[in-house]
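If you check TrEMBL, you get these features:
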type     : residues : note
TRANSMEM : 41-61    : transmembrane segment
DOMAIN   : 42-262   : domain 'ABC transmembrane type-2'
TRANSMEM : 73-93    : transmembrane segment
TRANSMEM : 116-143  : transmembrane segment
TRANSMEM : 149-175  : transmembrane segment
TRANSMEM : 182-201  : transmembrane segment
TRANSMEM : 238-259  : transmembrane segment
């Protein structure tokens, strides 16, 4: 009976620890979500105003530069369907990078997994994503774009986007905690990354000679897949999406071990 008693004790301890981590994660997400809109007149409306502002800029640039779009898809819907997941990824990554540094007091006082701080940042960005998705749904209804069975791919695409953001976030948090220049460089880097992603233009406009290098961007396969599912009512291109999944796996294979390795030194620099 001793082994049974010991197993019960370990299970009870594990359950309590899980409950504690879940409570802490919820508190971190709530604090970050409320904090980002503190003293803001528009509050959570910024969750969809940001991609809407980009959409208006892209519509202007389309008129000036003649940027192509998908046949049969209004350009506003074409860009917004990409801007919603892109903004989710971009904001999550930007919040992940300084998350360890920003939660230094908690980290010093509590022996919690350090990964919980970037995870909270991704979950906070997901709330913004959900709000912006309501506007996207409204636009699809306005333009009479229905959805079919392939909408069932959407949860997987959102999960992959979150995993990419968290994987990159772990990597940047591991480096940015020691070198703050990384955190300051992220907003500029994300602007260039967006230009290298088919947000304002279709990916088939990229010259074939650049395509192999271009497809190394994991957001290419994800954005194309979002448009396939939402705008074309078809399954994602498995070859393109599979390449994104492979790259996300490689990022995690590097980011998580690196984060775990350097996390033991976080307290020394905070």
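Cβ atoms are placed via backbone N, Cα and C, with glycine included.
Among the stretches 73-93, 116-143, 182-201, the one making the largest number of Cβ pairs under 8 Å with the transmembrane segment (149-175) is 73-93. Through the fold, the transmembrane segment (116-143) approaches residues 21, 24-25, 28-29, 32-33, 36, 44, 46-48, 51-52, 74, 76-77, 80-81, 84-85, 87-88, 91-92, 95-96, 99-100, 102-103, 107, 158, 162, 165-166, 169-170, 173, 230 of its own chain, all at least 6 residues removed from its boundaries and within a Cβ separation under 8 Å.
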